[in-house]
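Below is one structure, written out as structure tokens; comments come after it.
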Amino acid sequence: MAPKYTSLIFLFLLLNSFFPYSFGGGHDYHDALRKSILFFEGQRSGKLPPDQRIKWRRDSALHDGASAGVDLTGGYYDAGDNVKFVFPMAFTTTLLSWSIIDFKRNIGNELGNAVKAVKWGTDFLLKATAKEGVIYVQVGDAFSDHSCWERPEDMDTLRTVYKIDENHPGSDVAGEIAAALAAASIVFRSLDASYSNLLLDRAVKVFDFANRHRGAYSSSLHSAVCPFYCDFNGYQDELLWGAAWLHKATRRRQYREYIVKNEVILRAGDTINEFGWDNKHAGINVLISKEVLMGKAPDLKSFQVNADAFMCSILPGISHPQVQYSPGGLIVKPGVCNMQHVTSLSFLLLTYSNYLSHANHVVPCGSMTATPALLKHIAKRQVDYILGDNPQRMSYMVGYGPHYPLRIHHRGSSVPSVAAHSARIGCKEGSRYFFSPNPNPNRLIGAVVGGPNLTDSFPDARPFFQESEPTTYVNAPLVGLLAYFSAHPN
């Protein structure tokens with residue numbers, strides 16, 4: 001038997017040992033897709049539109065930005081708190097856009113809702129970048145917010161506005177905003193040409209600002225953004241990430257030349273097995289590799305080499321210190337909210353497998369070979385784990401399946417709604433709901449929580465925020481995954 005096929009058989013046997021929990025009933029991926037998009041409506045800040053579907057939410061934070069003389073209403077709360085952190089919000093918007101760009105034909109009748117989810121983010125990012133030479137990167141004092149447990153409709157904590165400018169740079173957050181606006185401009189190109197052009201023009205200006213005034217926003221605004229969304233990885237990857245999306249959106253040679261010129265300077269080959277709101281390296285390599293695999297960019301071959309190495313590092317059974325698998329088969333990486341790694345890395349596995357398929361290419365991993373089908377299989381098993389194929393037999397998406405988390409770490413979900421309790425519930429009054437053993441009164445449909453630990457155990461309790469808190473950047477890449485598997489369930 002040929003060595004390549006021997007290695008494939010070995011890998012599939014290995015996968016079956018790493019992913020033992022498959023209950024054979026199949027999943028309704030389209031239902032999960034619908035719910036994963038619906039979740040973003042529960043995270044909305046500002047004045048809610050008439051077609052708002054999560055009815056227990058109401059208008060909130062209607063004066064954001066007033067203290068700085070600007071309108072910063074709208075956008076998303078990143079997780080279970082009431083702060084608007086622009087760094088993860090922009091990453092969420094980028095990944096939602098990428099999900100639509102690559103899997104638009106699979107989203108079906110949920111496309112309109114997915115596009116609305118992107119626009120809720122980009123409308124805010126346009127407000128945050130409207131003033132020349134200034135970018136607003138956070139609304140709300142995180143320490144004040146985290147000392148309270150109150151629904152966003154009652155919020156009376158400090159809504160301090162934080163910004164970057166040429167004297168206080170933030171190339172990381174600005175680079176991510178540029179990426180988000182550029183990616184979203186592709187989404188809207190065939191839907192609303194004038195809005196698409198507005199997004200792209202702003203992306204160009206924001207990227208230019210990020211590149212000219214280099215520095216990390218967590219250095220300029222350390223006391224406000226750390227330890228919440230402190231950029232531990234540096235700003236260099238966001239500059240490459242922004243340039244890559246601008247090249248994809250504009251096809252301008254200047255961005256291609258920027259990538260080639262800065263590949264080494266901005267350390268494109270560093271930490272290639274990471275991808276998330278803080279570290280874009282694996283995403284950069286996968287995104288750029290598409291052109292390389294199509295034979296259009298031989299001078300960017302090193303990015304494909306990096307992408308291949310990333311894929312090999314994710315394979316079960318390949319010893320790598322940064323990626324582990326739980327006994328039940330879940331990807332586990334160090335840090336808070338493990339499910340962010342599961343969905344973002346799985347998204348890259350699926351996306352790259354599609355690029356490989358179109359190019360009739362496979363990934364050499366030492367003595368083994370990873371085919372596009374194998375990468376898809378790994379990604380699908382992660383999605384199935386989230387939806388209930390796991391030792392707990394629990395869906396980690398609220399509202400999907402018969403058994404899911406009931407006590408998620410989320411203020412709006414856990415405190416009675418305005419409709420149920422019209423009187424204001426103050427900062428410390430909400431503590432009794434935080435510590436209550438009762439299920440949350442408001443279901444945040446589609447929310448995917450941080451998930452179980454390395455032993456597959458999960459405490460369904462609000463105080464365990466690492467496991468029980470949902471975030472927008474967990475759901476954003478999941479949209480693309482669920483779209484694909486709803487069209488290709490087998």
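For all residues, glycine too, the Cβ spot is worked out from N, Cα and C.
Quick look at what TrEMBL annotates:
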ACT_SITE  His409  active site
ACT_SITE  Asp460  active site
ACT_SITE  Glu469  active site
DOMAIN    29-482  domain 'Glycoside hydrolase family 9'
SIGNAL    1-24  signal peptide
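Mapped onto this structure are the features recorded in TrEMBL.
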residue	record	Cβ within 10 Å
His409	active site	25
Asp460	active site	17
Glu469	active site	22
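Summed and averaged per residue, pLDDT over the domain 'Glycoside hydrolase family 9' (29-482) gives 95. Across the structure, His409 (active site) and Glu469 (active site) are spaced 5 Å apart at their Cα atoms. For the pair formed by Glu469 (active site) and Asp460 (active site), distance between Cα atoms is given as 10 Å, rounded to the nearest Å.
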